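This report refers to the structure that appears directly beneath it.
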């Protein structure tokens, strides 16, 4: 009973922080003509409620795609429609066709904020609690601490409740999928992950680890026996899930193609806003977008993404394990973020989720990564006037992790999961004993530069000739950190000596 009381307090704290952040502001408040992402979510409710399904993704006099046209998969549209029915019941003006554009009132803000909170309560938070409760080899107190730290992760809170989106829905479905396949409920896990992809297409960042893990399970069971049966069941589950979600758009080929064009807008180019990936960082020195034609950019982006995630995926297919699956989720999502085409800065949340899942295994490195991931979105957060919520939530998260996991005491080779790698290197360099010390120095340098750059950004005006200087520096610094983490997580995967032997797993 005491355990559940403590868990209830932790969840209540997480909800309180979320609601407090939501009271600050939201993306685009009072800023015509587009008004920001808050208006996008409201507008999708307007469109899905007032127009027939066949018009949701097409440009028309009633649906100007230049004004927040729907560009997420069908499940997002259905969610918008469900919210619209509730909005219609409360106040029809909120979703009135055309006349509701840019609608802003205290009652509507309360409604929209509540929809995000309910989505969190129904999908994301239960998955976090169940995942942490299923962790083995750690005490009940540590499990509750794990829930607290995950729920206090500032990146997701600031984007969903400050910037205003519903990332917790797709991430929650993905987490249910991780739980399912890790506990050998493979069909339920596959169904949950299909729902995640059909809510936000960026969940493709996690698709290869799911595919490789499940395929590895089939190989392990034998493709001439149980493995083949499992493969057929999984295939049917995936196909049936997609058919059900896309059924209204499969009636005509043009309908399907239009939805796909909206989901994958390659015409936008290699990148748009300042994002902490390779292409935006390299463009500081080499203007790839101007030098190379778009189809070549797509090919290069695909090759870099594929090659960077290939080793981890091969290892997972050959040696499937829940532990390897979690680390491969991190590595693949980070590869997509760093190298893929048309990445948004908020996509770092897709890397942060699997990092949260290994928080109890490598608390020092996970905490560090999650701090950097929040910092990487600084230009967006400042644009939405979320500086104070960002500072407060980041400090709360850091204190929770530092006290719950004693992160500064867990920087040995073994705690960093680098013992196997270090032993391999010491065969050739016996003096290679300084890796933990180097990582500690890198952490201090990273934190110092993030704090310094934040202070500079909020207190100084950039030079007139370089108005984006501070934003570019934030992205470049974050990208360097992410490259380091990509190498680090791949080292853990490739030198993993715990696969199948006493792992902390669900």
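Note: Cβ is positioned from N, Cα and C throughout, glycine not excepted.
Beyond the ends of the signal peptide (1-22), by six or more residues, the same chain brings 113, 116-117, 120-121, 125, 129, 140, 144, 147-148, 151-152, 157-158, 160-162, 386, 389, 393, 396 to within a C-beta distance below 8 angstroms of the stretch. Residues annotated as signal peptide in TrEMBL: 1-22.
Annotation comment: TrEMBL describes 110-132 (among others) as transmembrane segment.
According to TrEMBL, the feature transmembrane segment maps to 144-161 (among others).
Feature annotation from TrEMBL assigns transmembrane segment to 173-197 (among others).
Residues 53-54, 57, 73-75, 186-187, 190-191, 194-195, 198, 214-215, 217-221, 255-256, 259 of the same chain, all 6+ positions outside the transmembrane segment (227-249), place their C-beta atoms under 8 angstroms from a C-beta of that stretch. Feature annotation from TrEMBL assigns transmembrane segment to 227-249 (among others).
As annotated by TrEMBL, transmembrane segment applies to 298-318 (among others).
Sequence-distant contacts of the transmembrane segment (348-371) (same chain, six or more residues past either end, CB-CB distance under 8 Å): 131, 135, 138, 142, 146, 149-150, 153-156, 159, 167, 171, 174-175, 178, 202-203, 205-206, 276, 323, 326-327, 329-330, 333-334, 336-337, 377, 394, 397-398, 401-402, 404-408, 410-411, 415-417, 439, 443, 446-447, 450, 481, 485, 488, 492, 504. The transmembrane segment annotation in TrEMBL covers 348-371 (among others).
Sequence annotations record features per position, and here TrEMBL assigns transmembrane segment to 386-408 (among others).
Under the heading transmembrane segment, TrEMBL lists 429-457 (among others).
According to TrEMBL, the feature transmembrane segment maps to 469-495 (among others).
When each of the listed stretches 110-132, 144-161, 386-408, 429-457, 469-495 is scored by C-beta pairs under 8 angstroms to the transmembrane segment (173-197), 110-132 comes out highest. Contact counts against the transmembrane segment (298-318), taken as Cβ pairs under 8 Å, peak for 469-495 among the stretches 144-161, 386-408, 429-457, 469-495. Through the fold, the transmembrane segment (144-161) approaches residues 3, 6-7, 10-11, 13-14, 17-19, 21-22, 113, 116, 120, 125, 128-129, 132, 135, 138, 167-168, 171, 346, 348-349, 352, 356, 359-360, 370, 373-374, 377, 381, 386, 389-390, 393-394, 396-397, 400-401, 404-405 of its own chain, all at least 6 residues removed from its boundaries and within a Cβ separation under 8 Å. Tertiary neighbourhood of the transmembrane segment (386-408): same-chain residues 17, 20-21, 24-25, 142, 145-146, 148-149, 152-154, 157-158, 162-163, 359-360, 363-364, 366-367, 370-371, 374, 378, 458, selected by CB-CB distance under 8 Å and a gap of 6+ residues from either end.
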